[in-house]
Amino acid sequence: MPFWYSNSKLIWLLSPFSLLFWLISQLRHALFCLGIKSSYRAPKPVIIVGNLSVGGNGKTPVVVWLVEELKKRGLRVGVISRGYGSKSKTYPLFVTENTRPIEGGDEPVLIAKRTNAPVVISPNRQQAIELLLSQAECDIIVSDDGLQHYKLQRDLEIVVMDAERALGNGFVLPAGPLRELPSRLKSVDFVITNGGKNQYSDAVMYLVPHFAINLKTNEKRQLKEFQSGVAIAGIGNPQRFFTMLEKLGIQLERTQAFQDHQHFEASQLEKLAENQPLFMTEKDAVKCQSFAKDNWWYVPVDAEIIEAEKQCENLPHFWGKIDKLVAQYRNG
């Protein structure tokens, strides 16, 4: 919502509801901390990758990066997710790159495709972990989202934040974009800011595009070969994708933003770009592959994550925590 990042009067009109939201969430958190409500401890270490605010912060590229880095260290990694946008009739569901996005959710299918890691979705994270461990050998589990899902105990927490929008107006829902108060950042292990650094950054992520891939033929083409086109995006922050393409020198004749996790129909997109290249995100592409046209291209990005400050050693410290954590579980 635009007013989340402004001084709109709507903020004060909605602030009583935000107070109620905060009280309920605080009570719920306290009940888990005191053991009044039960929580689940997985038999393997769990890393949460989540957000403090709603909207597109860049969580999925961080999950992909984390899984790939853990695998480089010789660890067998499994991924669980709520599977937002999934319409599966049964849960938990084992997701592969061939799972229909309407069943598996666009982000879990993308993660499975990019990492080749076992992925299981379910609103019940315990059931997701139990199915995951029954069908795959895992040394460590990455939870895609779930920072506020206190029913699942965790060993490390990573928060991903948009560097520019940060925490918005600082209010919790619905007056602001936050799911919890900014003070929650004091208890997480690592903060990655997307697109630059701010006062909260432990590390900074830049999303790096290398080429465009044709949805129908899988042809790869350098982005500099394109002069113009049309772009669509059904992600949390569509403008970030459009701006990226323009910075690469592509003149966008038209842009069309859709809601996050949009379910696309061929007719929606065909009329947008009949004779021009149509660019979309990789997340959108997994939902459009089955009815793709010759002029449709997606632009995959890789997460490049660096220290927030040159003299810092936040990343080595973070990996040291993970090494220690895995060793503790292996030694019982």
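Indices start at 1 and increase along the chain as displayed.
Keep in mind that glycine also has a Cβ here, set from the backbone N, Cα and C atoms.
The secondary structure of GLY56 (ATP binding site), as reduced to three states from DSSP, is coil rather than helix or strand. In sequence order, ASP162, ILE235, GLY236, ASN237, PRO238, ARG240, ASP260 constitute the residues six or more apart from GLY56 (ATP binding site) in its chain with CB-CB distances below 8 Å. Residues annotated as ATP binding site in Swiss-Prot, with sequence analysis given as evidence: SER53, VAL54, GLY55, GLY56, ASN57, GLY58, LYS59, THR60.
Close to SER53 (ATP binding site) in the fold, though at least 6 residues off in sequence, lie MET161, ASP162, ARG165, LEU167, GLY168, PRO177, LEU178, ARG179, each with a CB less than 8 Å from its CB.
Using a 10 Å Cβ-Cβ cutoff, VAL54 (ATP binding site) registers 16 neighbours. Apart from SER53, VAL54, GLY55, GLY56, ASN57, GLY58, LYS59, THR60, the ATP site neighbourhood in this chain, defined by C-beta within 8 angstroms of the site C-beta centre, holds ASN51, VAL160, ASP162, ASN194, GLY236, ASN237. Cβ neighbour density within 10 Å is lowest for GLY55 among the binding-site residues GLY55, GLY58. Around the Cβ of LYS59 (ATP binding site), 22 further Cβ atoms fall within 10 Å across all displayed protein chains.
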